[in-house]
Amino acid sequence: MSATIIDGKQVASEVRAEVATGVAAFVERHGRAPGLATILVGDDAASAVYVGGKQKACAEVGIQGFDHRLPGDATREQLVALIEQLNADERVSGILCQLPLPGHLDGVEMTNLIAAEKDVDGLTVGSAGRLALGLPGLRPCTPAGVIRLLDHAGAQLSGAEAVVIGRSNLFGKPMAQLLLQRNATVTIAHSRTRDLEAVAARADVLIAAVGRAEMVRGRWIKPGATVIDVGINRLAEPPAGRRSSLVGDVCFDEAFPVAGAITPVPGGVGPMTIAQLLANTLQAAELQAG
Ligand code: NAP
């Protein structure tokens with residue numbers, strides 16, 4: 001038996017359709033659309049592509065986009081003033097400061113200036129604290145998207161052994177918290193974990209977010225496990241028989257015959273992040289509107 005493929009593109013398009021419906025209802029009730037402000041400092045090409053993708057996605061579901069750009073030599077004071085202005089702007093439901101910032105600006109400090117109710121990336125200390133305490137709040141987009149994929153795949157989380165490989169603030173830690181909230185027994189593994197293979201092999205739900213191409217091998221996977229591959233790694237050229245040079249942290253060809261369900265790369269977790277950002281923006285607008 002081989003694994004069921006968890007189709008992130010399909011689930012993301014379902015989320016976007018739900019958001020579009022929710023946005024239309026919001027406009028009906030409040031006479032204005034939810035708004036997402038993005039801030040891009042400098043001219044990093046990859047960041048510009050990400051921000052452009054987020055603005056385009058907003059337009060497609062009826063969210064008003066506010067696209068703010070500052071030059072790469074913008075001062076701390078300029079960026080602080082912009083964030084404060086957006087915090088006070090009632091048309092802006094959510095604020096996203098694209099990271100990384102140029103070296104002279106502190107991404108953690110700047111992110112934390114975003115008002116809690118507008119923190120649609122869920123990355124401020126306040127949002128992380130609310131998540132850790134099990135209080136309602138805006139959740140980081142990629143881990144929230146993974147929960148949605150797990151639910152779509154029918155994964156049983158309560159009581160399951162879940163292993164998250166990677167402990168970043170962006171993904172691994174909030175992912176573990178969300179799994180804990182769903183009553184999984186959670187292990188967070190990282191670069192100092194002893195015998196990672198044995199730890200991974202215990203997992204009913206195995207989530208890899210490392211950034212090392214195809215590190216998780218087929219023999220690491222418990223037969224029938226649900227495998228979520230968060231990694232995005234670009235190889236010099238596509239692997240044999242593939243069109244894309246993007247690969248995940250899981251060796252898909254080895255995992256596929258063993259796992260019960262698995263996300264592909266590309267087309268798995270990746271599409272969920274922007275979809276969840278849109279969902280968070282609508283949620284933020286609804287909370288602010290009471
Ligand atoms: P990160 O901040 O670099 O964290 C990587 C984690 O992997 C760290 O906790 C590190 O452990 C751990 N690690 C590194 N080498 C390891 C090894 N040999 N064995 C076990 N653990 C190891 O990365 P991130 O931001 O979480 O992202 C991880 C991957 O997910 C990247 O490929 C990124 O592109 C992708 N990603 C995708 C999306 C999306 O699909 N939208 C969103 C976010 C991230 P230590 O803490 O001990 O160093």
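A Cβ is built for glycine as well, from the same backbone N, Cα and C atoms used for every other residue.
As recorded in TrEMBL, the features of this protein are as follows:
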BINDING   GLY166, ARG167, SER168, ILE232  NADP(+) binding site
DOMAIN    6-121  domain 'Tetrahydrofolate dehydrogenase/cyclohydrolase catalytic'
DOMAIN    140-288  domain 'Tetrahydrofolate dehydrogenase/cyclohydrolase NAD(P)-binding'
DSSP secondary structure for GLY166 (NADP(+) binding site), reduced to helix/strand/coil, please.
coil
Can you name the residues of this chain that are 6 or more positions from ILE232 (NADP(+) binding site) yet have a C-beta less than 8 Å from its C-beta?
GLY211, LEU246, GLY248, VAL265, PRO266, GLY270
Among the NADP(+)-binding set GLY166, ARG167, SER168, ILE232, as the record gives it, the longest Cα-Cα distance in Å:
16
Which residue, of the binding-site residues GLY166, ARG167, SER168, has its CB surrounded by the fewest other CB atoms within 10 A?
SER168
If you run through the domain 'Tetrahydrofolate dehydrogenase/cyclohydrolase NAD(P)-binding' (140-288) with DSSP, how many residues end up as helix, strand and coil?
54 helix, 26 strand, 69 coil
